[in-house]
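> Here's the feature list from TrEMBL:
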- C:C47, C:C48, C:C113, C:C142: [4Fe-4S] cluster binding site (BINDING)
- C:47-155: domain 'NADH:ubiquinone oxidoreductase-like 20kDa subunit' (DOMAIN)
Amino acid sequence: MATENKKVELTDLEQFRLDNGLALTEEPQLTTLNLGPTHPATHGIFQNILQMDGEKIVDAVPTIGYIHRAFEKIAERRPFYQITPLTDRMNYCSSPINNMGYHMTVEKLLGITVPKRAQYIRVIMMELARISDHLICNSILGVDSGAFTGFLYVMQEREHIYDIYEEVCGARLTTNMGRIGGMERDLSPKALHLIDEFLKRFPKVWAEFEKMLTRNRIFIDRTTDVGAISAERALSYGFTGPNLRAAGVDYDVRVMNPYSSYEDFEFEIPVGSKGDTYDRFLVRNEEVWQSLKIIEQAYKNLPEGSYHADAPHYYLPPKQEVYRNMEALIYHFKIVMGEIDAPVGEVYHSVEGGNGELGFYLISDGGRTPYRLHFRRPCFIYYQAYTEMIKGGQLADAILTLSSLNVIAGELDA
Amino acid sequence: MELTNENVLGKIISKFGEENIWDAFNPDGIMTITTNRESIHELIKYLRDDEELQISFLTTMCGIHFPGQGDKEMCMMYQLHSLRHNYRIRIKVFMPASDPVMPTMTDLYATANWMEREAFDFYGFIFTGHPNLTRILNIEEMEYHPMLKQYPLEDQTREDKINTYFGR
Amino acid sequence: MSENTDIKLVEAPDGISGAGFFATSFEKVIGLARKHSLWPLPFATSCCGIEYMATMGSNYDISRFGSERPSFSPRQADILMVMGTIAKKMGPVVKQVYEQMAEPRWVIAVGACASSGGIFDTYSVLQGIDRVVPVDVYVPGCPPRPEQILDGLMRVQELAENESLRRRNSPEYQALLASYNIK
């Protein structure tokens, strides 16, 4: 029987090996590479031990917990109002959303209804926080793909957002904004003026930033099909927020379970299709425009009225009253000393944080502190998909994927 | 079909029986039910795969510790969400502290992996079938599960906290 | 041609000058040079790191102080700026980074967490980085404002300018390192 003599096509590499007397196929030589926990390109402290075949990532083992601060344990030992500063430090890129999400949870437990004006002020602040969060994420994505200019440019704009925060609550980053029952003070004329200025100036800045990256050939080539995740996998991994929307699922807590009067505003939910880095970038970009639209509506239609609920048991009385009025003095003392008992109950409340559904699960046993407070931290939940997203890709792409996921170390490790 | 607490509970009970589902109540608009360790995996699988319910998003899960409650000392809470119907449900499983063993949900939801590791790290829950049940946030050498109520919050190595400074 | 008056030069150190020469001590010249080119290693872990970003950004601009090059490699860094909470899991990493830095090296603990553990007096947080490495300057605040971080940097500049060249060889300094178990 004649054997068929097949001509085999050799690649250049195989021909080279044949000519030099090397084995045609070789087991890949894996290199172990330790990325993190203090790698300059990982913004925050994440460690990944990578198995590399050349530049290709074969496997990754993530380690987290390098900034574990035991928020949930602290929360069990603090009176309700002292927990707000902890939420600041969870996702420090968008602290007001964390603060107000927590306040709304406690209000749900206590059965307090917040007046319309306070709700609108909250919306303005939360959307400003969303802008400052997305602005960092997208500009850092630019830095990681080689465009430092955009970062320096929009950082200046973030300072203007911080100016507004400072006028409203006195702090820049860890805002501790508002109180259980509303805002701590009304928007001052200066704050209103700053918001107005911001609304006028920011669209131009953001349009320029977008122009620099969205149609940039290099940027598109670097980010398309990088770190893609399908909608099914994303849902199984518990993705929410911009990362899920980039994969094509239009889940947004602001629309699904409106809180703080979000149902009053007209806005759209941008959705991506492929769930890759470029889609995530575009979704965040568009969300900034939508946030601006919401702020504009809230600013124009800011209702008159009180900026806090009438709940003397839980809301600190004004300082002048404390000096003159016996009742106010007693409430002030009881609240500050943490001697206010909360009703027995169990609530879950979620808000659309910078990175997705930020949930607070609170159990109260009728005492002065929460019995259990569990934070649903979106970063913690979706960071576990990172391994799957970078496998088979290049090392440089892993960095881009990480920055486009916008993982905040404080929220990841709680 | 519009999902309401009544019809969802009716469906679950007709499938799993009164003896496995009890204590249904509604603390904050989210129906909370209690089940046992034998049924939890089947229940979550059923909620996910049922054509009508489609409760197929694991929002969060966490452990809770109720010291001195005997057989109900340790509690595991699952919160699920049907994105199609915008319906949320909360499921609790109680067990004694001497035997905190549960089936894993990692085969149903990829996201359960780290959440279960966190519950192990904080409370010492053992999830049978989990691919890699190790500590996630605390250091490997830690000898206890810090979120249990009997352990202190504060760092025990500080020497500058003298009670007289604080009027205690 | 108009003279540009915006450019500021540092003052020359004390010394003897004459026609065509200027004599001063070696220590002063090196101190002067070091002062104006301190390369920081931003060891940013949490919130304070975001404020460092603002310090680095266009409004506050840390490069005015000769620190525009964040040196992420410890070998080339002069100042270790620890910004943010250091958990017990992270403690050994801080120490390792410090050990990898070349002398002379300075450490700034930026923010309450790095200085003393801050509000996180918990089982998982290191109560101040001075438990693992010697610290030169503490910057208070939670988080400190960018101005405060700049002030901390200027304090290190002062140290760098006035430090004796032989300080790092002194038995006191060796004893300090030995007390931290650093070789």
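Cβ coordinates come from backbone N, Cα and C, glycine included.
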> Just to be sure I understand, if DSSP states are collapsed into helix, strand and coil, how many residues of the domain 'NADH:ubiquinone oxidoreductase-like 20kDa subunit' (C:47-155) fall in each?
46 helix, 15 strand, 48 coil
> Counting other Cβ atoms within 10 Å of each residue's Cβ, which of the binding-site residues C:C48, C:C113, C:C142 comes out lowest?
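Minimum Cβ neighbour count within 10 Å, taken over the binding-site residues C:C48, C:C113, C:C142, occurs at C:C142.
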> 10 Å Cβ neighbour count around C:C47 ([4Fe-4S] cluster binding site)?
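Summing over all protein chains shown, C:C47 ([4Fe-4S] cluster binding site) has 28 other Cβ atoms within 10 Å.
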> What is the pLDDT of the domain 'NADH:ubiquinone oxidoreductase-like 20kDa subunit' (C:47-155) when averaged and given as a whole number?
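Reported value for the domain 'NADH:ubiquinone oxidoreductase-like 20kDa subunit' (C:47-155) is a mean pLDDT of 90.
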